[in-house]
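Peer 1: Got these off TrEMBL a minute ago, pasting:
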{"type": "BINDING", "residues": "E118, D158, L160, D161, D284", "note": "Mg(2+) binding site"}
Amino acid sequence: MAPMGIRLSPLGMAVFCLLGLGVLYHLYSGFLAGRFAFFMLSEPAADLRELLAVSVLAAVRGGEEVKRVREGNVLNAKAKGKTREGAEEQLTSGDLLSNRRMFYLLKGAFPTVQINSEERVDTADQETVSWDRSIPEDIKQKIQPKEVPAESVTVWIDPLDATQEYTEDLRQYVTTMVCVAVNGKPIIGVIHKPFSAYTAWAMVDGGSNVKARSSYNEKTPRIIVSRSHAGKVEQVARQTFGNKTVIIPAGGAGYKVLALLDVAEKNQEAADVYIHVTYIKKWDICAGNAVLRALGGHMTTLTGEEISYTGSDGNEGGLIASINMNHKALIEKLPDLDKILHK
């Protein structure tokens, strides 16, 4: 019996229930619509730990192609153009196959992230390279998950660094590299040596599997430079640092950065400073820049400006890289280096 002697008919009960359901539907649908709108407006995120893991895998997979082509002696080398200095740039099957494997692995894992590579990606050669999203234990132990907006990320791939040396069978100089930049700053760097299976990786404000060299000799500094620039740099370096300065000609930007680190390999030379005096592409230097930054080192233009890894793919100002040194004082010793070398 209802209060005040009012009896609700079955029809009335049904209407009452329908009204209640209508109110609940209105409230809940508004909540869902709000959540859906929030989801749609939120930009995709990329986890830096996952990016590091897949970057290491990409460098290794690319390195497998580089090694296979070289050991099979099926380089199919050809000139792809000339550098600004007039030297011929070589292109091999190792470059192309490594590039394809690295690009599609990274693109499949992070489809919304911008990827810049040294070699052109031919859509006719598209392949599916999957990643199971597993994180290696050494990365799990040292790196915490950290999400950043996907649109802030640029990945730079060098599928085969030191192609000229690769064609000459100077295998110790060859590397494959991946770099992750966030808002133009190099954050993750991976440098892999295919012929010795050595991989160095580091993440700024995260961790690394490599260390800086602990000391250097100020009286006999060792400066590593490109093989083609050794003569020019030697003259200026001796004027600046003294006659005991040691010049180390080498190939590959990745190899030169590793020379500044504590790398226990018989085919890896050691140096205190890395100098490059001409235009250089960003995929050549981004990974090394990230590794150095993560370990407290520096890589700047010859005048000390930070290098931004957005926009154009080239760095016009040369570079000077060091670690465990007073980088600013080092630059001040070389105020006219660029002018002297380009007389």
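Cβ coordinates are placed from backbone N, Cα and C, and glycine is handled just like the others.
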Peer 1: Please name the residue among the binding-site residues E118, D161, D284 whose C-beta has the most neighbouring C-beta atoms within 10 angstroms.
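Peer 2: Counting Cβ neighbours within 10 Å, the top one is D161.
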Peer 1: Determine, for the Mg(2+) site, the additional residues of the same chain whose CB lies within 8 Å of the mean position of the CB atoms of E118, D158, L160, D161, D284; present them in sequence order.
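Peer 2: Near the Mg(2+) site, the remaining chain residues are I157, P159, A162, T163, T175, T176, M177, G252, A253, G254, K281, W283.
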Peer 1: With Cβ-Cβ distance below 8 Å and at least 6 positions apart along the chain, what are the contacts of D158 (Mg(2+) binding site)? List them in sequence order.
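Peer 2: Counting only residues 6 or more apart in sequence, the Cβ neighbours of D158 (Mg(2+) binding site) under 8 Å are S117, E118, T175, T176, M177, V178, G254, W283, D284, A287.
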Peer 1: Please report the number of other Cβ atoms within 10 Å of the Cβ of L160 (Mg(2+) binding site).
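Peer 2: Counting Cβ neighbours of L160 (Mg(2+) binding site) within 10 Å gives 31.
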